[in-house]
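Data first, discussion second: the structure below is written as structure tokens.
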Amino acid sequence: MSWFNLLKANLRKEYLEMKRYLPNTIAMVLTFYILFIGMFFGIQIIGDPTTQDINIQFTIVNYIFWFFAMMTVNAIGWQITNEAMRGTLEQLSMSPMGIWKIMLMRLIASTVINFIMIIALLYLSMFTSGQWLNIDVGTILPILILTIISMFGLGFIIAGLSIILKQVQAFLQILQFILAGLTFVPLSVAPFLAFFPFVKGVDLVRAVMIEGVTFTQIPMVDFLILGFNAIFYFVIGLLFFFYCERFAMNKGLLAHY
Amino acid sequence: MEPVIEVKSLRKTYKKRKTKELIQAVSDVTFSVNRGEIVGLLGPNGAGKTTTIKMICGLLIPDSGTITINGQNNQKKRLKSLRHISAVLEGNRNLYWRLTVRENLEYFAGNRGESKKDVANRIDELLVKFHLKDKEKELVNRLSRGMQQKLAIAVAMLAESDVILLDEPTLGLDVETGYEVRELLREIVQEYDRTIIISTHDMDVVQDLCDRTIIVNKGKIVTDDKVENLLRLFEVRSYTISLSALLSEKQQILLDQKFPDYKYTPDTIGSKLEIDLAKSEEIYDLFDILKMNMTPVESIDRGTINFEQIFMKIVKGEQQNVLVQSS
């Protein structure tokens, strides 16, 4: 029950802060849309007309995933940096629930809220481009859940780094481009990326949404890779976070001000 | 009395980033705090107060030593021991400024695993107690600093922990709000039977509120005694003597030898001699010196000393011997 209360509290906080920082939220959505329009018209003007439709579909899926990864993984880093500077991180660290649980609930809460926003943006992008993708919820959902778990692992790594590094902002800027690389590069170009966090998931979602692949057509080995990545990155992320928390408590780094 | 907190041989060393020089922030600190006590942790900047507080809160790992909270070692059973303590470490900075007063209370309760429903009555009670009921829907960034400070203390109270640690609870507050916060803290102890440790520079807080004070300097405990004992100890040995004649040169030399810190304000109408005695018997030596020239004594006043003066004396080490004897 205490886990559920923790999740509810963090969901509510995420929602309230999004509402209170409404201009920021609107600016974020607008930036997303303007960039998408830019890419969409770019493909239409200078792209190869024979592959135009498929290119636009690829752009929609990649771009949506990149945005989602950024909001989930990067946001936790910014949040921790802000909390450390504000003085609230120490308060969170004093919770008898343990800070890792709070961070996990934060990740889940921001994912749920961002997901709702992403769905709206996905439909807006499809409506603008006139390219309607295959939204097979039954197939996409299990892929997405496993992919998000590996994203959380990455989120924990970023959260840990943000606790111990005062100047993590520069790294977070670079991380946006690393995430773009991971979401935009197709696995056919670099198959080894299948073992990187969420790359396999994005590839499978692309296959479902663009090529119309169904659940039964996805090889078992792909699900095994997804499952392995989810467990591996989540455990690694969590262990790294514990290490950073311990390091910060040794050096007195829980407050950056 | 049953100790709620037991700190034993605590040490913490930091390395300076640039020079790599080792700084002993806390060195062999040992003390205990009983249930229902208000203990003031006093010391100049860099004395090790905040480091000690943060180690008790489990936010900092000591190099050596142990901290037991309600019988639980806060290193071995960190999360369990955190159930017994709450803290206000940075005052109004410990809050979410874009959430309302009530939302802050609910959020922090949620982070301890409690539901909104479970804490609703407690929140209402605290809002009334802290005079924040009419501000419950106000965003924290719109509150005055004093109100934010009160809210931060209310958040710590909501946890219903046995011990509350407060780091500089009156820092940056105006006189009126500072007084209000002090009154609130007094009520908390009386009505809710909480144990409070206050780290502060504000001597009024210590003199007004604390049963006991632990003075730390350069990472070490300089004194650990009841506030009233310290006041009494210093008060009885501080004298102002009004003389209706000047002291001779020989008398002044003797005073210099016997009481090197004495203060003499010569005046043909009425001279003044201010003197602190290390031992009460020393007053006879003083009388002997005055008797030499039959210097007429107009009055002898026992000095009133406030806690700030005591603190300065202790930290300066002027009264080290007296303290050792008194303890």
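Backbone N, Cα and C atoms are what each Cβ position is placed from, and that goes for glycine too.
Taken from TrEMBL, the feature transmembrane segment covers A:21-43 (among others).
According to TrEMBL, the transmembrane segment annotation covers A:63-81 (among others).
If you look up TrEMBL, you'll see A:102-123 (among others) marked as transmembrane segment. Listed by sequence, the residues of this chain that lie at least six past the ends of the transmembrane segment (A:102-123) yet keep a Cβ under 8 A from its Cβ atoms are 3, 6-7, 9-11, 13-15, 18, 29, 32-33, 60, 64, 67-68, 71-72, 75-76, 79-80, 92, 95, 133, 148, 151-152, 155-156, 159, 241.
Here the transmembrane segment (A:143-165) has long-range neighbours at 69, 72-74, 76-78, 80-81, 84, 89, 100, 103-104, 107-108, 111, 171-172, 175, 197-198, 200-202, 204-205, 208, 218, 223, 226-227, 229-238, 240-241, 243-245, 247-248, 251, 253-254, meaning same-chain residues at least 6 beyond its ends whose C-beta is under 8 angstroms from one of its own. Annotation source TrEMBL lists transmembrane segment at A:143-165 (among others).
Long-range contacts of the transmembrane segment (A:177-199) within the same chain: residues 62, 65-66, 69-70, 73-74, 147-148, 150-151, 153-154, 206, 225, 228-229, 233, each at least 6 residues beyond the stretch ends and with a Cβ under 8 Å from a Cβ of the stretch. The transmembrane segment annotation in TrEMBL covers A:177-199 (among others).
What TrEMBL records for A:223-244 (among others) is transmembrane segment. Long-range contacts of the transmembrane segment (A:223-244) within its own chain (CB-CB distance under 8 A, at least 6 residues past either end) are made by residues 100, 103, 142-143, 146-147, 149-157, 159-161, 163-164, 194-198, 200-201, 204.
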**Prompt:** Do any residues of this chain, six or more beyond the ends of the transmembrane segment (A:21-43), have a C-beta under 8 angstroms from a C-beta of it, and if so which?
**Reply:** 52, 55-56, 59-60, 63, 67, 117, 121, 124-125, 128-129
